[in-house]
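**Q** Here it is, the structure in full.
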Amino acid sequence: MGSGHKADKTSLASSRTHSLSHQHHPSPPASKEVWKKGGRMFSILLAVHLALLACTLVSSGAFEKIAVHDYDVFFLLTVMMLIVIVWIIFYLVSTSRGPDAILCKDSHAGPVWLRGGLILFAIFSLVMDVFKIGYYSSFYSCLSAIKIIYPIVQAIFVIVQTYFLWISAKDCVHAHLNVTRCGLMLTLTTNLAVWMSAVTDESVHKAHSKLKKNVTEEIFKWLMKAGMRSGSTEECNCNSQICQIFKNGYFWLYPFNIEYSLFASAMVYVMWKNVGRFIDHHSHHIHRLKFRLFRRTFFVGIVLGLIILVSGLGVLIVYEVRVNSSHEASKKNEALTMYYIFNIVCLGLMSLVCIGGSVIYRFDKRDMDRHKNPTRTLDVALLMGAALGQYAISYYSIVAIVASTPRDTISALNLTYALLMIAQHTFQNIFIIEGLHRQPPKEDHKRELRQKDPYGLTFVNINAVSLRVPDSGSTVTPSTLPSVEAIHPSELAQSLAGPKKMNWRRKFLREISMFLLLSNIILWIMPAFGARPQFDNDKELNFYGDSMWPAIVDICLPFGIFYRMHAVASLLEVYIMS
């Protein structure tokens, strides 16, 4: 009798659990796609072949002896951008407006601060295109027409793509699946090709400026014939002041265009991952977080970060003036010493702060967010992958400094700088990744309590409990209600006091995030706008040679620059979620 009664209770509990789980976690609708991996594989193959073709043309167009000209590269990029523009218009007009085309949206994709950064870089990219059009228009009689058409098409491409990503970054498309995947991969490849072209053009320009500063005009012309392409614009005269403004202006704006291409590539990749995806809204929490910059902070992180930012701008100005405008070795060494000391102090503080933040996370009681999140997965992959560029430069510098003689003060500072760069990237990645995987803070504890009596006792809100009446028509009794665990008054008092104890941790995490954010901004500005001691310090150049070391820096440094800007976006998210 007792065993039978126990079995009945067990079966009733299991059926109740099954019904409740069925009610609260509905299975997503079945996908209409027959072979999802096949569509993804085809789009990936398309992107790989286009990327290899673009990479081959861009790299070949940088050298004089190879019969590939820069206008050949511009022609390919123009065709790719025109195709992408046509597809985006098709997506906005046809695909996204179809019945049941967008059944759900990914709340984590395309956050407002990422889209805001994309618009900021897009504005500077448009200004760069205007400068390019003005510069190339000065030589319309001796240049190919594609050099004027290219910046015009690029400006249209930037406008159309920015609008597309602003309104569609969160879409989970379920119409024209294969066409959408191929279109997104073509968009991603086009952005990467434009990025490669901009990086190559900027590197060639800086190499030419370096050679012109160190050698005579006759030797420079001979080197151009023997090595890298000088560009067809060198044959045209740019003597007017407005022409020089256009020329210098668009080269100074290249870093913004480079970052725009990478930001757009990241957002397009997340859209590609979300094609054909169904989201379970019961497990996919939507966190409506408000950005409050001057609330619940001690202002220590903001003040220290602003000090680092302003000091770094001063160091950058002095460095550019002394290194690029002076031929005296003593002034050059003073500028290098000042640059290394500033970076050593900045990187040392950032490393210590990141270690402190990781220690605070050890005492953080918030749960880890383990739900599927393509945006967060991409953020982590980009942080880890982009850091490899700076790791490579640092390790090459360490080998060159340790293996070469003599060892002077600048060599010691350079070695310390390289070691701290490795440590700072490592500790910062740990801090950011741990912050991205934390659940955001809950709402105020008083709002979570549905009803509370004057004596501090909490009652259960029956309306918030979803019940399912058994099909047999049996009466719902207290024994059939979901069990609610009794709360002891001491436990209730402890839970009420919990947020106050957690408050100091959240404040410290906000201070750390804001300090790291501002510090990463200045560490992005310095190399992006010309402060590159790798070319001005002769230790590595003499050790690896005039061809190997510049190639290493040109390949790895863009990844290091992108790392800083991506870290800024990730730290802003960590700040908001703290």
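Placement of Cβ uses the backbone N, Cα and C atoms for every residue, glycine included.
Pulled from TrEMBL, these are the listed features:
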REGION    1-34  region 'Disordered'
TRANSMEM  41-61  transmembrane segment
TRANSMEM  73-93  transmembrane segment
TRANSMEM  113-136  transmembrane segment
TRANSMEM  148-167  transmembrane segment
TRANSMEM  251-272  transmembrane segment
TRANSMEM  293-319  transmembrane segment
TRANSMEM  339-361  transmembrane segment
TRANSMEM  381-403  transmembrane segment
TRANSMEM  508-529  transmembrane segment
TRANSMEM  549-576  transmembrane segment
**Q** Need a quick answer: max count of Cβ pairs under 8 Å to the transmembrane segment (339-361), which of 73-93, 148-167, 251-272, 381-403, 508-529 is it?
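**A** Against the transmembrane segment (339-361), the leading stretch is 508-529.
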**Q** May I ask whether the transmembrane segment (549-576) has at least three C-beta pairs under 8 Å with the transmembrane segment (73-93), counting pairs 6 or more apart in sequence?
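**A** Touching, no - the transmembrane segment (73-93) and the transmembrane segment (549-576) miss the threshold of 3 or more Cβ pairs under 8 Å.
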**Q** Sequence gap of 6 or more, Cβ distance under 8 Å, 3 or more pairs: do the transmembrane segment (381-403) and the transmembrane segment (148-167) meet that?
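**A** In this chain the transmembrane segment (381-403) does not contact the transmembrane segment (148-167) - fewer than 3 Cβ pairs sit under 8 Å.
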**Q** For the transmembrane segment (113-136) against the transmembrane segment (251-272), do we get 3 or more Cβ-Cβ pairs below 8 Å once near-sequence pairs (under 6 apart) are dropped?
**A** yes
